[in-house]
């Protein structure tokens, strides 16, 4: 038994030194205090990292199919009336959403950005004789009103009872409205007068649109849009204006839900139009993103990067449709963020590394300072004898 204990004693990697041989120094005390402070700071930092979740990032190929993409928008046009501007969305699959109104809201604003209360009565309304019927005569007391579509009706019984109905019928036919005052409905509603009354106003458009998860674009532009010879065009003639100021501020633009740490580069972007008309284009690369929090709640969202370009008219001619266009494409790579806690063993390993590392380095420094002081002191003593 004594032999076994003797062998174990010979394996001691920490031999003890008699206290009579210890020598305390001022430099050693200072180094010990400094190393203790460093050790404490590193321990607190490691403890905070252990108590808080860390986010792990991985990249993988996006294999999702048949999903939709939600686009959240909030854009202010300080010099374009709400009655003029419209929102269209289309994608490479051929699906179109023209003059989107579902889940999209418009607020009239004044020159200072304050919201203008919407009046309930018709703006610019006019009193005139009874409205025209589709057969050409005036509305009688015992008749039901059915306004004419002026040749744009899809069936014989179709009625266009408002200016908006006529413009929509014209849009479906691919026609433009050259002079709204020639249309009985638009004249009675004071269409041109309402546009004049809103002169100097702006418009704030906000809401969201749901589109197919494929490349496409959405844009804000004046006038009703329609297809003419397979070309997407906007009818600008009814407004009787030579220029459209599409200066704008993007209060918010995001693709999908919010998740912690997301950065939307266009939030707060402000652009002022330098010429009388032109097209402002944003080219967006959408990156599908999955965020899983510490409670394993999954958020399906997107991040994006963007480049910008302004295309102006030349030689006094309107070479580009005035408006703000957002062209987006989808990345084939999906980014996955996963929140997780550091394991206790990892925390314990790091704490041991901190304590051992600081202790070793401080010992080296102390040894260097101690032997340097002894060498200097020895030289000084030799110098005195000489």
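Glycine residues also receive a Cβ, built from the backbone N, Cα and C atoms like all the rest.
What TrEMBL says about a protein is an automatic prediction, not a curated fact.
Record features (TrEMBL):
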| type | residues | note |
| --- | --- | --- |
| DOMAIN | 8-97 | domain 'Endoplasmic reticulum vesicle transporter N-terminal' |
| DOMAIN | 149-366 | domain 'Endoplasmic reticulum vesicle transporter C-terminal' |
| TRANSMEM | 21-44 | transmembrane segment |
| TRANSMEM | 344-370 | transmembrane segment |
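Sorting the domain 'Endoplasmic reticulum vesicle transporter N-terminal' (8-97) by DSSP state (H, G, I as helix; E, B as strand; all else coil) yields 32 helix, 27 strand, 31 coil. Looking just at the domain 'Endoplasmic reticulum vesicle transporter C-terminal' (149-366), the mean pLDDT is 82.
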